[in-house]
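Remarks on the structure that follows.
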Amino acid sequence: MTKNIHDQRILILDFGSQYTQLVARRVREIGVYCELWSWDVEEADIREFNPDGIILSGGPESVTEDNSPRAPQYVFDSGVPVLGVCYGMQTMAEQLGGKVSTSDEREFGYAAVKVSGESAIFKDLEATQDVWMSHGDKVVEIPAGFTKVGETDTCPYAAMANEEKKYYGVQFHPEVTHTKNGLQMLENFVLGICGCERLWTSESIIEDAVARIKEQVGDDEVILGLSGGVDSSVVAMLVHRAIGDKLTCVFVDNGLLRLNEGQQVMDMFGDKFGLNIIKVDAEERFLKALEGKSDPEEKRKTIGHVFVDVFDEESKKLKNAKWLAQGTIYPDVIESAASKTGKAHVIKSHHNVGGLPDDMEMGLVEPLRELFKDEVRKIGLELGLPYEMLYRHPFPGPGLGVRVLGEIKKEYCDLLRRADAIFIEELHAADLYNKVSQAFTVFLPVRSVGVMGDGRKYDWVVSLRAVETIDFMTAHWAHLPYDFLGKVSNRIINEVNGISRVVYDISGKPPATIEWE
């Protein structure tokens, strides 16, 4: 590796926009490392980070209000290029001597920006740009040294630039896909104006992570709780590539997994990739602990506590393990930092998302803590993990523990596993699996009358759930074809003895959540 992948970096200051993480993901997509910090960061931290460019994000506040967030003055004294997006443009304008006013008419949705002049931010782009607006305030007077480089019918300063100082402001959101050439604009800023190179690639991330793991753990042994989920699977592959047999994975089968999932994990990581795996069959222990518990939160906590106990017992058997590997990813770090300090820039701090016991005297190895989920998946592919595993629908941490409503019983889990497997199999067969964002089956602990042959019988009910969403914050129920739903229902009722009725959940989020519990 000729260059350190962290040498060239962009700093994104977060003013609270729902799109801020998307800005960071786009910069990474371009091939440049970036970090996301709170707007009220100290000057010393920015100096230490030493960015090649700074992006000021959007945000929900109004620059015209007292005490609304401002960029640290050092941002404009540092001599590096600055791009202000939406609120970021407004605070840039106001802080550098321009004027912002509250507009009578909000601009929300698509808009056409007429580009004027020759600005580096619009290099190689046409004179009219389709963009996505979402703002109430607008810049009415630009600071000295700036020129107007874009306008819409209702927004006189849709983009402004001080080419000499390399300050740019856009009133729209280049990070969202609705802005047709938004990625090109961000490339113009990051690669052209800031002069960064594309050093941040899947191959270089893997190379860097492996080198850092080797340096961190030396000849010590490492233990990892392998769940078969995306994050822990990618951590397993990275750490194994770095230290080989000095990694031991502990796979706890809690009896709440999908059909044949336990065997699939062992086949893939043990047989195919040759990792050391200890499989703990803890189904009885989990089910015993869950007896009589029907409250979803209580079930979640119980499952978490039992997992910690089992993992702790296994780790104590591995006397030489000095390090614990975890699948913490960057959004976990941002969320944890923000909730603890209000500032999202403590990327180096330990963030024990696994909730493992405090008295585990081990160092933490967290090779994914700089990565977004889409980056984790990409490096998983590069490491040889199958696409179907990396891109399958989300599965909750407590597993079927929150998909069996009410009390958990082995009978219910077994019925649900088989019904869910049929639903997922049919989605794949009909080429619908990748057209929905998440699909699963829920077990309802109610009996319903059914007719089989000449007899009536009372059996259980399951609900199918499929949603379409971009961010999982809001979701629409998926309009699956009636014929398809009919086929799934027939198969489940005929093939899973004990289920007599199948329903389809047509609730959106909000008001409903995606999972039932």
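Positions of Cβ are set from backbone N, Cα and C atoms, glycine also.
Look at Swiss-Prot and you will find 9-199 tagged as domain 'Glutamine amidotransferase type-1'. Residues annotated as active site, nucleophile in Swiss-Prot: C86. The active site annotation in Swiss-Prot covers H173, E175. Here Swiss-Prot flags 200-392 as domain 'GMPS ATP-PPase', drawing on sequence analysis. Annotated ATP binding site per Swiss-Prot: S227, G228, G229, V230, D231, S232, S233, in sequence order.
Swiss-Prot feature annotations superimposed on the structure.
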{"residue": "C86", "record": "active site, nucleophile", "DSSP class": "coil"}
{"residue": "H173", "record": "active site", "DSSP class": "coil"}
{"residue": "S227", "record": "ATP binding site", "DSSP class": "coil"}
{"residue": "S232", "record": "ATP binding site", "DSSP class": "helix"}
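Same-chain neighbours of the ATP site beyond S227, G228, G229, V230, D231, S232, S233, judged by a C-beta within 8 angstroms of the site's C-beta center, are, in sequence order, L226, V234, V235, G327.
Here the CA atom of E175 (active site) lies 25 Å from the CA atom of D231 (ATP binding site). A sphere of 10 angstroms centred on the C-beta of S233 (ATP binding site) encloses 26 other C-beta atoms. The CA atom of C86 (active site, nucleophile) is located 7 Å away from the CA atom of H173 (active site). In terms of C-alpha distance, the listed binding-site residues G228, G229, V230, S232, S233 place V230 closest to E175 (active site). The least crowded of the recorded positions E175, D231, judged by other CB atoms within 10 A of its own CB, is D231. The highest number of surrounding Cβ atoms within 10 Å, among the binding-site residues G228, G229, is found at G228. Long-range Cβ contacts of V230 (ATP binding site) within its own chain (separation 6+, distance under 8 Å): K373, V376, R377, G380, M389, L390. For the pair formed by S232 (ATP binding site) and H173 (active site), distance between Cα atoms is given as 34 Å, rounded to the nearest Å.
Comparing G228 (ATP binding site) with H173 (active site), their Cα atoms are 37 Å apart once rounded. G229 (ATP binding site) sits 33 Å from H173 (active site), taking the CA atoms of both as reference points.
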